[in-house]
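Student: I have a structure I would like to understand better, so I am pasting it below and will then ask my questions one at a time.
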Amino acid sequence: MYVQDTIAAISTPTGEGGVGIIRVSGRHVLSIADAIFKRNRDGGLQSHRFYYGAIIDPVSADCLDEVMVVFMKGPHSYTREDVLEIQCHGGYLVVQRILDLVLQQGTRLAGPGEFTKRAFLNGRIDLVQAEAIIDVIRSKTEKSLALAQHQREGLLSQRIARVKDGIVSSLALIEAFIDFPEEDIDVLGIQQVGAHVDCSLTELETLLAGFNEGKVLRDGVSVVIAGKPNVGKSSLLNTLLREKRAIVTSVPGTTRDLIEEVVTIKGLPVKLLDTAGIRESDDRVEREGIKLSLDKIPSADLVLFIIDSSLPFSSEDQAILDVLAPCNFIVVMNKSDICRSFDMPQLPDVPIIAVSTLTGDGIDALQDAIFEAFIHNHAVDSREYVAVSQARHRDALQKSRDALLRFRGNLVAGMELDLLAIDLRDALSAIGEVTGETTADDVLDLIFQRFCIGK
């Protein structure tokens, strides 16, 4: 449990705005409203109704601002406690003065994510849904927002609940065999246990298989644009950004520093890095830029290898291709509007896309190829699509899966029932780490510290 005091914080961004909101949660919100909120009509505040009035300092009788106030009676509120929200004008000083006045009434300034933490501790949401709230706030694309919304709505929690139900059913049968040793353990009972575990394992494997796509949709990917000088790397960056971000000239070696920009490609957050042209150079500054380019390639999620298709495939192209051999890359043959002058080496399983940054031909196909390099599940646009997107969830689900696999092996080996029950309890505990049922307090603190104050 937690100290059930009354907390308050500003819930809107700092600075000028149309509206500022101060949120208060706890058992004393009505007495606070009585002390500082004045309106023309008598009577108490009814739940879930807006009231117009003014915030008055009870000591000086100064009017701080005209406001709208809404009271939400627990448990029908965000935190499941009594909640008061004060909506005032959005200037920094106005909002801060009202918060200070609220704090003077015996409330405490809320910590980061403390309102959401109370919603979790009071059973309104589980930990998966709580973490999804911050993902909703931080989403940069439609697909990452949809994934976060589905998690917030409980779709992932429902899938995890199915895993838990199978483990609980198996554990109940095993413990029944332990508690009633006089009853013979029949083959049908063991088969029933195995069937429950197999269903949970299948669900776990499905969830884990979707982690890479879920993480990509949530966090995005890094894509390096690489190639020799003057093949159109900066032109491609500008084309994908739909703006002139990089200088484009006919002089080889114009780009010497890394240029980094973020763009959305088919709903996927992509960090693009335009790099210096890779070649042998006597220029010290250019050599440093080339070194930076080569250093970025191994850590990239994807490399776009740009080739000038109007020129013969050169030894410089081959040298870059050799560097890219262990990487995930797409060959982009630029200047497709000019007659092609070379034959590409055979590259099995490597997408080769012809584009023209001058005319825009092939850019849609390139964007499709970038998206499909990471997302293979066409259900990502479904209203029911849900995926594991956080490493914490993946790690806990892997622990649960490993415990179930261990149980499976021990069951076949004829191990004692007490040992089998330990495996199932381990699997159940790992599942509880995801939803927050068995999560350590220090882990909870770290999770909610990622939130802003006021949420």
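Note: Cβ is positioned from N, Cα and C throughout, glycine not excepted.
Take a look at what Swiss-Prot says about it:
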BINDING   ARG23, GLU85, ARG124, LYS455  (6S)-5-formyl-5,6,7,8-tetrahydrofolate binding site
BINDING   230-235, 249-255, 274-277  GTP binding site
BINDING   ASN230, THR249, VAL251, THR254  K(+) binding site
BINDING   SER234, THR255  Mg(2+) binding site
DOMAIN    220-375  domain 'TrmE-type G'
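Provide an account of the burial state, proximal residues and distances for the features listed.
Tutor: According to DSSP, GLU85 ((6S)-5-formyl-5,6,7,8-tetrahydrofolate binding site) sits within a strand segment.
Neighbours of ASN230 (GTP binding site), defined as other CB atoms within 10 A of its CB across all chains, total 20.
According to its DSSP assignment, ASN230 (GTP binding site) is coil.
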Student: Given the binding-site residues GLU85, ARG124, LYS233, LYS455, which one is most crowded in terms of C-beta atoms within 10 angstroms?
Tutor: LYS233
Student: Measuring Cα to Cα, how many angstrom lie between GLU85 ((6S)-5-formyl-5,6,7,8-tetrahydrofolate binding site) and LYS233 (GTP binding site)?
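Tutor: Just about 52 Å between their Cα atoms.
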Student: Averaged over the whole of the domain 'TrmE-type G' (220-375), what is the pLDDT?
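Tutor: Mean pLDDT for the domain 'TrmE-type G' (220-375): 81.
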Student: List which of the binding-site residues ARG23, ARG124, SER234, LYS455 have their Cα within 10 Å of the Cα of ALA276 (GTP binding site), in sequence order.
Tutor: SER234
